[in-house]
Structures are given as C-alpha cells and as structure tokens.
Amino acid sequence: MAFLWLVSCFALVGATFGCGVPAIQPVLTGLSRIVNGEDAIPGSWPWQVSLQDRTGFHFCGGSLISENWVVTAAHCGVKTTDVVVAGEFDQGSDEENVQVLKIAQVFKNPKFNSFTVRNDITLLKLATPAQFSETVSAVCLPTVDDDFPAGTLCATTGWGKTKYNALKTPDKLQQAALPIVSEAKCKESWGSKITDVMICAGASGVSSCMGDSGGPLVCQKDGVWTLAGIVSWGSGFCSTSTPAVYARVTALMPWVQEILEAN
C-alpha cells in the first residue's frame, strides 16, 4: 500500500505542473549544439522550446516560464512571424505531439547591446497559451537574490551544433551537465567582455554551441530547476575548455517582472 501511495503522490505532483519539476525526470551523466553532450530523455526538459522561422528552420532555443510567456536571447532577433514549438524532442520526427504556438508580442530588453552582448534577453508573449502536459511545463524563475556559486553543477539543453564545424544541427535534443564558473575565472578567458549581467559555465569538457542560443542554463534550487542563465555567446569554435557565457537571469529579473506585470 505504501508503494501505491507513493506512486499516486508522484502522479499528483506531475498533474499540477508546478514550475521546475519535470513529470519525466531527466537523467544526466555526471549529475551525470551542445558539444560532448548526450541525447536527453524525451520530455524531460519540458520548458525547452524551439524557435523556428516560417520555413520550419530552428534558429534558437527558449524556455517556457508560464503558459503565456517564453524567455530567450535578444540576439536571436525573434519576430512575430516566427513560431514557438513546445513539446519537441526529435526535430526529424513527424510523430511527436508538439504545440506550434504563434507569438503575439516580442519584448526585447531595451538595454540590449549587440556589440557587448549585454542584457541579452527577450520575452515572448504567446498569442495562445501553451497547454501544459507531461512534456510541456515551465521552468522556475529565480529571485533577484538567488545565488548560483562557482562549482554548482547545472544543466544546459538545446539543438545546437555538436561540433563547431558541423554542417547541420542534431535532430534530438541534447543535454549536458556543467559547472558554474566564477567571474574571475571567466575573465581569464574573456577579460573585460564579462559584466555583471553575465554568468559563465562549462570549461569542463562540454560547451553550448551555435543553435543553442536563447536556451536554458538551469540549476536545481530547493528541489526545483531554476533558470540561472540564457545561452548567449562563447568561443567561435565551441571550445570545451573555455567557459560559455550566459545572460545572468537574477540580474535581469527586475526588467522581467516589469514586463510581466505590465502585460
């Protein structure tokens, strides 16, 4: 009976689709265009979305933060003619029950600077809400005060290139576990390009790469997956010994809250 209760208890947790708790648990090696990553378990990163143009070309990733909102990188240059695809795992398959969602409004952070890549965040308001399910749900947003110290093991996901010179991106969603890198250590690679609105991770034999942009860097906090970073920029060769750079979500939360409350 105890086992039955446990199962129904887990079913209940899944049914509410709270943020940061996948109904299908991810399995990460080392926790477990991601270089040296691995295929994810289908549906285990339910907030991951693919941003596609009208031809169906995947150009960036993003994360669902609610039924109505997606967060991505400003440098992705999303337009209202693009679509958000939720619930996808294998982009080469027609068998998946995906949701193709139109974008009503694009809110690019007005302080985004394409030269310094500071404030690399855009919010997308969906024209119709995503239907939350076992394979589609939201990631938790951090508070301004949340801290993700150096060494924290986090995860990044995406359909980006698995080698910098690969001709195409992988069909199946890739994942990698990687540590947060201190600002001082990151500056050893990138110098003054690193600012307080960025957070670094990797240099551990894995890397984000072209096509992963806009996607999530998530860390577990109090048992839920929380969005610590948005894939922003890094080595042109997707070097696995150089940290990749992510927009620091905690530093951008005041702007996020302002947009969500006003809309």
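For all residues, glycine too, the Cβ spot is worked out from N, Cα and C.
What Swiss-Prot lists as signal peptide is 1-18. Under the heading disulfide bond, Swiss-Prot lists C19-C140, C60-C76, C154-C219, C186-C200, C209-C238. The domain 'Peptidase S1' feature in Swiss-Prot is assigned to 34-261. Summarising the annotation, Swiss-Prot assigns active site, charge relay system to H75, D120, S213. Annotation source Swiss-Prot lists phosphoserine at S93, citing a large-scale study or a structure entry.
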- Including all protein chains shown, what's the count of other C-beta atoms within 10 A of the C-beta of S93 (phosphoserine)? 12
- Here the recorded positions are H75, D120, C154, C219, and the Cα closest to that of C19 (disulfide bond) is found at C219
- Using Cβ-Cβ distances, find the residues under 8 Å from S213 (active site, charge relay system) that belong to the same chain and are at least 6 apart in sequence, listing them in sequence order. C60, G61, T72, A73, H75, C76, G160, V231, S232
- Which is it, of C19, C154, C186, C200, C219: the one of these disulfide-bonded residues whose Cβ has the most other Cβ atoms within 10 Å? C200
- Message: Say we define neighbours as other CB atoms within 10 Å of the CB. Which of the disulfide-bonded residues C60, C76, C140, C209, C238 has the fewest?
- Response: C140
- Inside 10 Å of the Cβ of D120 (active site, charge relay system), count up the other Cβ atoms and send me the figure. 30
- The average per-residue pLDDT within the domain 'Peptidase S1' (34-261) comes out at 95
- Spacing of the two Cα atoms, S93 (phosphoserine) and D120 (active site, charge relay system), in whole angstrom, works out to 31
- Item | Secondary structure at C200 (disulfide bond), reduced by DSSP to three states | strand
- Message: For the C-alpha pair, I'd like the distance in angstrom between D120 (active site, charge relay system) and C186 (disulfide bond), rounded off.
- Response: 18
- In three-state DSSP terms, C186 (disulfide bond) is classed as helix
- Query: Within 10 angstroms of the C-beta of H75 (active site, charge relay system), what count of other C-beta atoms is obtained when all protein chains are considered?
  - Reply: 22
- List the Cα distance (Å, whole number) between C200 (disulfide bond) and C154 (disulfide bond). 11
